[in-house]
């Protein structure tokens, strides 16, 4: 899911 | 991970270390806004709620712990340390940061990736970080002579998000479906808020003059 992408950033 | 994001994280880490260096070695927080430090502690507290539930990498967890630990200890230092707290000028640091928290919370309730507690808190932290520097910038305009460490701190803090923008551009072109309007728009607003500071910071560095922001 797209939100995973954002959550790997600090 | 790409070079832009790594450079961004290292720049962010450097800004925190510069601030800790200033407060811990010369025991002074002159020119530092406690309001901005409190907002940043809130940003990390609401953004890293998943620190114990979603393990991404050792790097990710380590950096989250560093940012959480440093932001809360800086707030503690300025508020409670007997020597440091004496150099905090409450009468100058008057920005009403609640005026920032409430709108960011409302916006997060309206605009988020999923209407769950964690996602709303995460969106809130993104919006709040975009405006968290405002009390510090207002304080800098009131501070006649900005010391080097304070100037470097604000510069590094602004530069890290500018590097993140390069990271988002890089990921947009190299990863499919990498689109995150919340972080992109907020990150752009955040970086633009530093525009005039960057200008005066660069001018003072070029002309080898003391950094001064016009009131």
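Easy rule for this one: first residue shown is 1, then count along the chain.
Yeah, the Cβs are placed from backbone N, Cα and C, and that goes for glycine too.
Annotated features in TrEMBL:
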SIGNAL    B:1-31  signal peptide
TRANSMEM  B:55-78  transmembrane segment
TRANSMEM  B:98-115  transmembrane segment
TRANSMEM  B:121-140  transmembrane segment
TRANSMEM  B:152-170  transmembrane segment
TRANSMEM  B:182-202  transmembrane segment
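Within the chain, the transmembrane segment (B:55-78) has long-range Cβ neighbours (under 8 A, six or more residues past its boundaries) at 1, 9, 12-13, 16, 19-20, 23-24, 29, 32, 34, 37-38, 40-41, 43-45, 48, 84-85, 88. By the count of Cβ pairs under 8 Å, the stretch nearest in packing to the transmembrane segment (B:152-170) among B:98-115, B:121-140, B:182-202 is B:182-202. Counting same-chain residues at least six beyond the ends of the transmembrane segment (B:98-115), those with a Cβ under 8 angstroms from any Cβ of the stretch are 39, 42, 121-124, 127-128, 131-132, 134, 182. With a threshold of 8 Å between CB atoms, the same-chain residues lying at least 6 positions outside the transmembrane segment (B:182-202) that come near it are 111-113, 123, 126-127, 129-131, 133-134, 137, 140, 151, 154-155, 158, 161-162, 164-165, 168, 211-214.
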